[in-house]
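J.: Okay, so TrEMBL annotates it like this:
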| type | residues | note |
| --- | --- | --- |
| SIGNAL | 1-16 | signal peptide |
| TRANSMEM | 42-61 | transmembrane segment |
| TRANSMEM | 89-111 | transmembrane segment |
| TRANSMEM | 228-246 | transmembrane segment |
| TRANSMEM | 258-276 | transmembrane segment |
| TRANSMEM | 352-373 | transmembrane segment |
| TRANSMEM | 385-410 | transmembrane segment |
| TRANSMEM | 416-440 | transmembrane segment |
Amino acid sequence: MLILLLAYAITQSVYSDAGPIPASIQLRDVASCDGLNGQRSIWSIVWSCLSTIFLCTWVAVHPNVHFRPEKWNQSWFEKWLWDPLHDFFTYKLILFLWALLVPEYILAWAVRQWLKAGEISKKVPEWTRTHGFFIIMGGFHLFRLPADAPSTQFPPSTPFPRPPNHPRPYSFLSKPSESSDFVVPTGLHSRKDEVPVCPLKLEDFTADLLKTIAPTETELKDRGKSDVLTKFIVLVQTMWFVIQCIVRGTQHLPLTELEVVTLAYTMLNFFIYIFWWDKPRNVECPIRVYKTSMSTHKESGEEADEWDDTWWIRWVQPILYYTIGNQDDCVTLSKQRSIPMFWSGRMEQEELGLAGLGPSILGAAFGAIHCIAWSSEFPSHAELILWRIACISIIIVPFLAAMLCAYLSVDEAGTWYEGLLIATGVFSMFILALSAWLYVAARIATLVIAFSSLRSLPPPAFTTVDWTTFIPHI
C-alpha cells in the first residue's frame, strides 16, 4: 500500500513532458489498448512481475521458528482473526519488507546459517545440514514440567566425539561426563501446565540427550511447509521470467522498469533459495525439551556482549552489527522467549567477514542490474534523474559493505599493509553508518518509479516476444 500511495503521489505531482520521450503519449495509449497483433497489456506485465516478486520475497524466505505459547480456551475472534493477523503484521510482514527493501541482507543471513549449519553437522555424528539448520532456527525449546509431573533424569552424559583434525576444541565437545539437568516425563500431565522457558542451542545439549530426542532428516523435512515440488515450481517460474527478459533483449524489445526490478530480485533470490534449500520452512512448533520446575537454565558457552551506552555509538553500533551479522553476540538466548528473527549463531570475526563478502558483492550486482533501464524512456525527466541516483546508491552502499567484510575477513596483524586495511575498514564503517538510510530510500524510490512509469510506456514495450524465431523451421 505504501508503494502504491507513493506511486500515486508521483503521478499527481509530475506533469512535465521533458525527458527523452521520442513518442507521444497519445501513441503509447493507443498501443497499450491494442490487444491484437502480438501486443501485451499492462495488466499482464504487472501480473508477471508481481507474481515473480512474490515468489522471490515471500516463498523464498525461510524464517526461524517464531514460537508463541499456546493459549487455552480462546474465543473464536482471537483464534481465527486476532492471533493470525497479529502474527502476520508483527513477524511475517516485517520479514517480507526486509526481503523487499534489503534482499542482500537476507542473502547474508542465509549464508551465515548455511555455514553454521554445516559446522554443526560436522560436530554431531549422523547429523546432516538439515539438523544444523533446525537447531539454529530454534527447533528445540526448553519447558519446565509441572511440580507434580513425574519424570526421570538423564544419565551422566558422554562427550561428543571430536571431529578429526579439528582446528580448535569446543567447550561442549571436551566436557567430562557430568550429570544432566534435563529430564524425561514418565507420567501423564496436562500440556497447558508446562511453562515455556527459552530456545536452546547446541552447547546446551549432551550427546545422550541429542541421541534420544533428535528427529531424523525425513522427520525434519516433514515439519516444514515446503517440498521439492514447491521449490521446483518457484525455480521454474523464476527461470521462465529470466528467459523472457533475455529474449526480449535479443530481439531489441525494451523492458519496463518494473521488469528490470523483478529481474534483479530473481538473481539475488535464486542464491537465497540455494543456500536455504535444506532448511525446513515455516516450522511453528519446536521440539519440547524438559527440566523440572525447580531447575534453572543459564546461558551456556560464551557470555553475551553488552550494547554500548555512549550516545553517539548507540545508533551507529546496531547499524554496523546488523550489517555484518554480529548482533548475535549481544543476545542471551536463555533470556529470550523465542529465537531472534535473524539469529544465525555466534561466529568469529573472520567467519562473519567471509559470510558477508559474497552477498555484499551480489548486492552491488543487484543494484547494477537496475542500470539496464539507465537510458529507458521515463514519463518525466525528474523520474529519470531520480532513477539514476537510486541506481548509483544501491550499488555504492553494498560495495562499502563488501569493503568492510573484506577488512574483517583478513588477519592484518604483522603485515606491511596493516595500516591501509585499518584505514579502509574505518572509512567503510563510517560511510556505511551514514549511508544506510540512503540505501533504503533508494530502494523505495526504485519500487515507486517502477510502478509509476507504467502510466506511460513506449509502444515497443507492449510487443510480445516472437518465439518462432527460436524454433527451427523451413
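A Cβ is built for glycine as well, from the same backbone N, Cα and C atoms used for every other residue.
Curation does not apply to TrEMBL; its annotations are automatic.
Please go over these features one by one and say how buried each is and what sits next to it.
T.: With a cut-off of 8 Å between Cβ atoms, the residues of this chain six or more beyond the transmembrane segment (42-61) that come close are 32, 95-96, 99-100, 103, 106, 226, 230, 234, 237-238, 241, 244, 256, 258-259, 261-262, 265-266, 268-269, 272-273, 276, 454, 457, 461.
Residues 53, 56-58, 60-63, 66, 265, 268-269, 271-272, 275-276, 322-323, 325, 341-342, 344, 355-356, 358-360, 362-363, 366, 398, 439-440, 443-444, 447 of the same chain, all 6+ positions outside the transmembrane segment (89-111), place their C-beta atoms under 8 angstroms from a C-beta of that stretch.
Below 8 angstroms of C-beta separation, residues 48, 51-52, 55-56, 59-60, 255, 259, 262-263, 266-267, 269-270, 273, 277, 465 of the same chain, each at least six residues beyond the ends of the transmembrane segment (228-246), sit close to that stretch.
Cβ atoms under 8 Å from those of the transmembrane segment (385-410) belong to residues 104, 257, 320, 323-324, 349-350, 352-357, 360-361, 363-364, 366-368, 370-371, 373-374, 378, 421-422, 424-425, 427-429, 431-432, 435-436, 438-439, 441-443, 445-446, 449 of the same chain, restricted to positions at least 6 beyond its ends.
For the transmembrane segment (416-440), the list of distant contacts is 101-102, 316, 319-320, 323, 393-394, 396-398, 400-401, 403-404, 407-408, 410: same-chain residues at least six beyond its ends, Cβ to Cβ under 8 Å.
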